[in-house]
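As recorded in TrEMBL:
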TRANSMEM  12-35  transmembrane segment
TRANSMEM  41-61  transmembrane segment
TRANSMEM  98-123  transmembrane segment
TRANSMEM  168-185  transmembrane segment
TRANSMEM  230-249  transmembrane segment
TRANSMEM  261-281  transmembrane segment
TRANSMEM  352-375  transmembrane segment
TRANSMEM  381-403  transmembrane segment
Amino acid sequence: MMNGSIRKLILKYNLITSLYTSGIGIWSGTIYLYMEQIHYSYGQINLFLSIFWIVTFFAELPSGILADSIGRMNTLILSCLVRSTGLLFLFFDWGNLTFLILSAILTALGDSLYSGTASSWVVDTIQDIEPNFDLGRVFSRNTAICSFVSLITGFFGAQVLANINLSYPILIGALLLLAVIPFAVRESKGEKRGIHLSDNIRFSDNLKERFHPFNDMLTGIKQLGKNKNLLAYMLAFLPITLIVTGPFNQWQLYFQNGVKTITVGNVLLGVNILGIVGAYLAKYLLQWKIKKVYMLMGLTTLNSICIILCVVFGNKLMAILVFWMHILLSSSDEVSRYTVLHQKIRSDDRTTLVSLYNTLEAAVTVVALGINGILSDKYSIGFAWVALTVVGFLLAMVGYTIIASTSERTRKSEVQKEVN
């Protein structure tokens, strides 16, 4: 039987995370439509995304250290304040690029500050009460709850609020984030502070001690030099970022184009559901008795075809259906690629190598956003999608083909050795 204190704690955790998720989900399907309405070009919208990516990347580790120092709930409060301020900058923006940049920086900082705060808080607090408690149940149920909340709030924001005024989802999102603060303040009073604060170690010293990105990068590069197979997979995976970046970030602009009534809520519903289904199907794909490289080639090929057909089809319903298939395939492909990546790492520097790959992927994403923005402004969103899909597909296929041929030569060599 679950301890009464733990039950209350889990309810609070689900409430806090659901409110925070609502504050993000409610504008997730319309934020770029709002930016377009206040006269930002596709290139400027992608500038917002690029800044968000860059700031999030550099703020991630310092945010974790800050949470260890001042407490998880205090960091969550800071996240709500910073992220809601970023959204309010966007709400009051009428085409001022400075406001757009400030909004990107603040929302990115807020995102990084939130990372792992609520989950770390609930783990620490539960383990103080019952060290052997099954945390898996807590997180699986919370994921299901937050996914459902995101689904409902995203649909409501896009189909209802956005049709009244495109700025309303942004405003309500900021207010929902601020609504988290009273609950977080109440829980922060009884929270234990991190060891770094109690030892009177300054945050700046703690940051210097733990933040060594350049050294980690060098370590990762050295390890890659010893594992050519892993390097080949990483290089084959990176071009896929060119394929998915445009559709992932611009679908609402693409499907809403030329339509007065906001209808992207229906598309968002399918995106959220099929994203979950695709991730679930990945585990079955990975069990197929087929070489992983051929499975990945198949997923990339089908994904690329879906994006091109989405642009080519004149019928909007058909285009949406094909786009949903792209979401399903992308989700399965992403899970499959990360699984294969981990399988190919056979060293103690797993975290460093994965971080190196994430860094490279982030860099490619920023480049892809820049190119996509230029092509979208000069030609069209559809042209940008097709152009980057073709380039990404060709580069990925070259990488996969090299991996497949190298693997086949290695297999034949091993067979020959056994014969001799």
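Just so you know, glycine gets a Cβ as well, placed from its N, Cα and C.
Remember, predicted model here, so these are calculated numbers, not experimental data.
Taking pairs at least six residues apart, the transmembrane segment (381-403) and the transmembrane segment (12-35) share fewer than three Cβ pairs below 8 Å and do not count as touching. When Cβ-Cβ distances under 8 Å to the transmembrane segment (352-375) are tallied for each of 41-61, 98-123, 168-185, 261-281, the top count falls to 41-61. For the transmembrane segment (261-281), same-chain residues at least 6 beyond its ends with a Cβ under 8 Å from one of its own Cβ atoms are 28-30, 33, 147, 150-151, 154-160, 162-163, 166, 251-252, 255, 320, 323-325, 327-332, 334-335. Count of Cβ pairs under 8 Å against the transmembrane segment (168-185): among 12-35, 98-123, 230-249, the largest is for 12-35.
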